[in-house]
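Novice: From TrEMBL, here are the annotated features:
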TRANSMEM  146-174  transmembrane segment
TRANSMEM  186-203  transmembrane segment
TRANSMEM  209-226  transmembrane segment
TRANSMEM  257-274  transmembrane segment
TRANSMEM  280-300  transmembrane segment
TRANSMEM  312-332  transmembrane segment
Amino acid sequence: MAALLARLCRGAPGLRAARLPLAAAGPPLRPPRPLSFSASELVRAAPLPLQPYLRLMRLHQPAGTWLLYLPCTWSIGLAAEPGCLPDWHTLSLFGLGAVLMRGAGCTINDMWDRDYDRKVARTASRPLAAGDISTFQSFVFLGGQLSLALCVLLCLNYYSIILGAASLSLVVTYPLMKRITYWPQLVLGLTFNWGALLGWSAIRGSCEWSVCLPLYLAGVMWTLVYDTIYAHQDKRDDIVIGVKSTALQFKEDTKQWLSGFSLAMLLSLCMAGMNCNQTFPYYSAVAAIGAHLAHQIYTLDIDKPEDCWKKFASNRTVGVLLFIGIVLGNLWKQKDIKNAKEPLESRHFNK
């Protein structure tokens, strides 16, 4: 019995002959890749000729699109009638517009900066800098994006069409600001938060400035926070190639500046809320945003690019928190209206 077991362990001659050599058997099977619907995976799955254009409009990096879109949602939400949800058709239109205008802005930025981008490791693979797309092709692509964005804009009222068209000068000139001033992030804030004005006018037909201006200011301060953090990723390269940013302006005082911008943002949000009779859920969201920003700034390491990117990307949570607070606060208004009516009705009944 022991001899038989030993023979089986060694393998019978017939069994050994039946084994295939490793090379003949082919490479080992790899487990299938899990299905992913992330933006970067969708871009990689697109046809190869289309991929450089999708990367040019940063479709694989949707954080910037969210940061452009969220101020629009705040304004649309605040403009809704008490007790009502935001208008989903308008939210969808602005979502499409945000994708197109962010893509157009990135295309303009890369057209201006293609020579700079080649000198920075993080941006050297961008389609224009890498030569995947010619300047003429990018210009034609820009025209297509702006034409589609115009179609979206024409779905709005006349006031909003004029207001939206007025932002185009900011979109075109922003990429030049890093050559002129240490405050390009301020110009980006003025550009990226135009939706805080446009969203309200799309619903109400014009701007209520007592609400829209504080909301717009809050957005500008928010942009100064997250884009200064973003700029710290490239500060060494920026010094070498000679472009400016608030990261280079603030240096080691960055956290104090960010704290001041955050405080101004929170005060502006409170002012906007008071001027449109917002309720408890809204102010709870503002408090949560304050806590998020305080943690973000306190734990920030401005000398670690990976930490700067992580903190920058987390600002989508800030925008979503405020939108949820606006929606719940607006629904809470209906409850307040009912509570105010009930005593009046009871007094009338007692008479």
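Cβ coordinates are placed from backbone N, Cα and C, and glycine is handled just like the others.
For the listed features, I'd like the structural context: burial, neighbours, distances.
Specialist: Panel annotation: around the transmembrane segment (186-203), residues 67-69, 71-76, 78-80, 87, 90, 93-94, 98, 105, 156-157, 159-160, 163-164, 167, 170-171, 173-174, 177, 211-212, 215-216, 218-224, 227, 246 of the same chain, lying at least six beyond its termini, place a Cβ under 8 Å from a Cβ of the stretch.
Residues 78, 211-212, 214-215, 217-218, 221-222, 224-225, 228-229, 246, 250, 282-283, 286, 289-290, 293-294, 297, 300, 322, 329 of the same chain lie 6 or more positions beyond the ends of the transmembrane segment (257-274) yet place their CB under 8 Å from a CB of it.
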Novice: Should anything in the same chain at least six residues away from the transmembrane segment (146-174) have a Cβ under 8 Å from its Cβ atoms, list it; otherwise answer none.
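Specialist: Same-chain contacts beyond the flanks: 93, 96-97, 100-101, 104-105, 108-109, 184, 187-188, 190-191, 194, 197-198, 201-202, 205-207.
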Novice: Hey, which bits of the same chain come close to the transmembrane segment (209-226), Cβ under 8 Å, at least six residues off its ends?
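Specialist: Same-chain contacts beyond the flanks: 67, 71, 74-75, 78, 185-186, 188-190, 192-194, 196-197, 200-201, 246, 257-258, 261-262, 264-266, 268-269, 271-272, 275-276, 293, 296-297, 311-312, 315, 318-319.
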